[in-house]
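Working notes, beginning with the structure itself.
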Amino acid sequence: MIILGFESSCDDTGVSIFCSNRGVVINLVNNQSLIHKDYGGVVPELASRDHLNKISFLTNKAFEKSGLSFSDIDAVAYTIGPGLSGSLLIGSSFAQTAAWSMNIPAIPIHHLEGHLLSPLISNAKLEFPFISLLVSGGHTQLMAVNKIGDYNVIGETLDDAAGEAFDKIARLMGLDYCNGAEIAKLAVNGDPDVFQIPRPMFNSPSLDFSFSGLKTAAMIRIKELQSKEMFDHIARANIAASVQKSIIDILIHKSYLAVKRTGIKTIVVAGGVSANNLLRVTMLDSLKSLSCKVYFPPLELSTDNAAMISFAAYLRLKHNLINMNSLKYNLSVKPRWNLKDVNSIY
Ligand code: KG4
Ligand code: ZN
């Protein structure tokens, strides 16, 4: 089975082709960071326009590079939500039209289900049940995953997501690209112990998270250093290292508690923040004492991409989790959609 996938929930346009006997054949992503960098966040109107500009070009390129053609495709998959409505509508319209023109099914996929299942792409040994730590720009959740489509939230952020904290602090620091990857790069040369950045809710037995106080504490520190003209490259690296360490300490500690509390000894980390190298290394190390297996998606599939969308559609088809009769050609999207209700559209 060969599935053409589209992702356009925020500021990445993704096109992929997944083949059941070859895996991810092609995965193309166009990131819009440079378009939004002067506005302090993603501008929805600009994001939609850029998806529109890039999606057909990327689709043609995917076919050109893979050597496949439209007639080889058995189904089209696309992100239906959650995300920015305008951006989602570009992907859904394009995917539905492509599927309609070829008379094949168009399968809507929940963006977070795509992230959550992405570690299965490269880890055939990964078995259910597992704990999922989903850490992206919009979400921070711990879930007990019993099987595909059976997701129980056991902890989540009460305010900002972990990725959002990274992004907002990167912006306060005046970094070119406002994201966690830039903080991680700066942190390589920093000392995490020079500045104390708090770890909210670290000592609470709850599996919930909170990152807004951490962000405010970092902001106060940065402003103080700036006002004293002490925000030089060493201080910047030290702030980056402290912020990164605090966020990661919280994520790891709560994951540790989740494993202990549920007795589930497999943990899967997914979403954009899972690209963080320190998180990967420390998570593996910290959960060793619980004899816990830890899985991540391949690095290039950690941040938003369409391969995870076509792969999730493949898994749903393979496990008969889609009622084909209920999938009408329908252009509506789901900008807000809780993962626990994921089965409602199938
Ligand atoms: O999953 P994703 O690509 O998009 C959403 O669904 O939100 O996640 C994006 C988030 C951003 O907040 C970005 O700062 C974070 O992932 N991120 C990282 C790293 N790479 C991306 N955070 C920490 N370290 C990284 N290396
Ligand atoms: Zn995402």
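Cβ coordinates are placed from backbone N, Cα and C, and glycine is handled just like the others.
Noted in TrEMBL for the protein shown:
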type: DOMAIN; residues: 24-310; note: domain 'Gcp-like'
type: BINDING; residues: H111, H115, D304; note: Fe cation binding site
type: BINDING; residues: L134, V135, S136, G137, G138, D167, G180, N276; note: substrate binding site
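Projection of TrEMBL feature records onto the structure.
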residue : record                 : Cβ contacts under 8 Å, 6 or more apart
H111    : Fe cation binding site : E7, S9, T79, G81, P82, G83, D304, I309
H115    : Fe cation binding site : L134, S136, A270, G271, P297, M308
V135    : substrate binding site : A161, A162, G163, L251, V269, A270, G271, G272, V273, S274, L279
G137    : substrate binding site : C10, A161, G163, E164, D167, N179, G272
G180    : substrate binding site : G163, F166, D167, A170, Q244, G272, V273, A275, N276
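In the predicted structure, the domain 'Gcp-like' (24-310) carries a mean pLDDT of 97.
With a cut-off of under 6 Å between the Cβ and any atom of ligand 1, the binding-site residues L134, G137, N276 reduce to G137, N276. Here the Cβ of G138 (substrate binding site) has 17 other Cβ atoms within 10 Å, regardless of which shown protein chain they belong to. When secondary structure is read from DSSP and collapsed to three states, L134 (substrate binding site) falls in the strand class.
Ligand 2 lies under 6 Å from the Cβ of none of the binding-site residues L134, V135, G138, G180. Cβ proximity to the Fe cation site centre (mean Cβ of H111, H115, D304, cutoff 8 Å) flags the following additional same-chain residues: E7, S9, T79, L112, G114, S136, G271, G272, N305, M308, I309. Each of the binding-site residues S136, N276 was scored by how many other Cβ atoms lie within 10 Å of its Cβ, and the smallest score goes to S136. DSSP assigns H111 (Fe cation binding site) to a helical segment in the three-state reduction.
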